[in-house]
Structure formats: C-alpha cells, structure tokens
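Asker: Pasting a structure here, questions to come.
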Amino acid sequence: MGPLPRTLELFYDVLSPYSWLAFEVLCRYKNIWNVSLQLRPTLIAGIMKDSGNQPPALLPRKALYVKNDVRLLGQHLQVPIRLPKDFFFVIFEKGSLTAMRFLTVVKLEHPELLEKVSRELWMRIWSRDEDITEPQSILAAAEKAGMSTGQARELLERVSTPQVKNQLKETTEAACKYGAFGLPVTVAHLDDETYMLFGSDRMELLAHLLGEKWMGPVPPAVIARL
C-alpha cells in the first residue's frame, strides 16, 4: 500500500480564464500524481474586494496583454479559449454570481458532476461566447454535462437559498484566509505545511513541492487518450 494522496484545493471562478487553464491541467494530472483534487467554486469578485486588488483588464496595457496571453496559453495548454467579443460587458456587467452559486449547489448535491458542469460553463463563456447568467443557459450547461433536466432545475431553484449563499461566501473567505488576491489559487497540503500558489503558471513549482514529475501541460497519459 502506497502513501496516502496529498490534498490539493483549487479555488476557481468560471469568470476567470486563467482558472480554466489551471483547472484543465490539474484535472489531467489528478490521476497521474498522488493527489486528491478538491474543486472549490469561489467568487472572484469577493476575492478582489477583500484583498483590495483590481482586475488587470481595468488597465489598458494589461488588458491588451491579457488578451494575447490567454490566447497563447490556450494554444500551449490545448484549451479552446476564445475571448468574448464584448469582453468588458461579460466581465464587469454580467459577472458570475449565479453560475458560481449553481456550482456550489452541484458540489453539495452532485459532486461527481462538478468537474463536467464547471467545464461546460467555461466552454460557454470562454470558447463559444455564450451567456452564463440566464437560467436557461445554466440549465443547458448542466444538461450537456450529463445532468437530467429535472435535476438541473431543482438545483437552480436553490441558488438563492441561505445555505448556498453562505457556502459560497465561506469558500471565498477560506481562499482569502489562505492569502488569495485573485484566482485561480491552488492550495497544497503537504505533511505539516500548506502552500498557496496563485495563477495557472505554477504547475512546475507544484510538481516540485509534491515530489512529482512534470511532463508538460498535456502529459503522455492524456495524449494517449486523445
């Protein structure tokens, strides 16, 4: 019997394209490295407010850099990212509150579907330039991920309940306590040490901390399944 898996927590918001990049890489490695990956739906707006940080897109030079950076990283990591046409409206006007509450309910009631539903929401906003705020759009993402219409509707009806609101708030506060100032945040629990890594570009460092081998963003085991 080998050593017990180390716990990794991934705090993410589907409004963050960098969160999608980190999510896909960690999902590819979760069965290769000796880890237990815990997905933690989080509200990026709460992280920014608590830390006093500002979205990079508010600075014109950073906004231009992010657009090019995300496109190139998507190619490198083989994640089909395409920025929405009205980037600022999607990010600053629509937001992701309902979507992240929905993912919170999914985690509570159907955690086995959380990975797939999260991916479908990212696909809608960051690949197909589709809405993630309207109920029908969220339902469509859930159904495409394998959830029945009845299940999806039942969960959507619960997004405004105190339980769900409090759970999303508590998860966001947990990320803040780890020191988060943006998303994604990966928290590695190793023996008596806890490491908080920010961004999607810390995977080689994470492999080093875990004592695991980094084989690039698409490891051979994943390539063999493609």
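Backbone N, Cα and C define each Cβ position, glycine as well.
Note: TrEMBL annotation is automatic and uncurated.
As listed in TrEMBL for this protein:
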- 7-210: domain 'DSBA-like thioredoxin' (DOMAIN)
- Ser16: active site, nucleophile (ACT_SITE)
Asker: When the pLDDT values for the domain 'DSBA-like thioredoxin' (7-210) are averaged, what is the result?
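Answerer: Mean model confidence (pLDDT) across the domain 'DSBA-like thioredoxin' (7-210) is 96.
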Asker: Provide the number of Cβ atoms within 10 Å of the Cβ of the residue listed as 'active site, nucleophile', excluding the reference atom itself.
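Answerer: Around the residue listed as 'active site, nucleophile', other Cβ atoms within 10 Å: 23.
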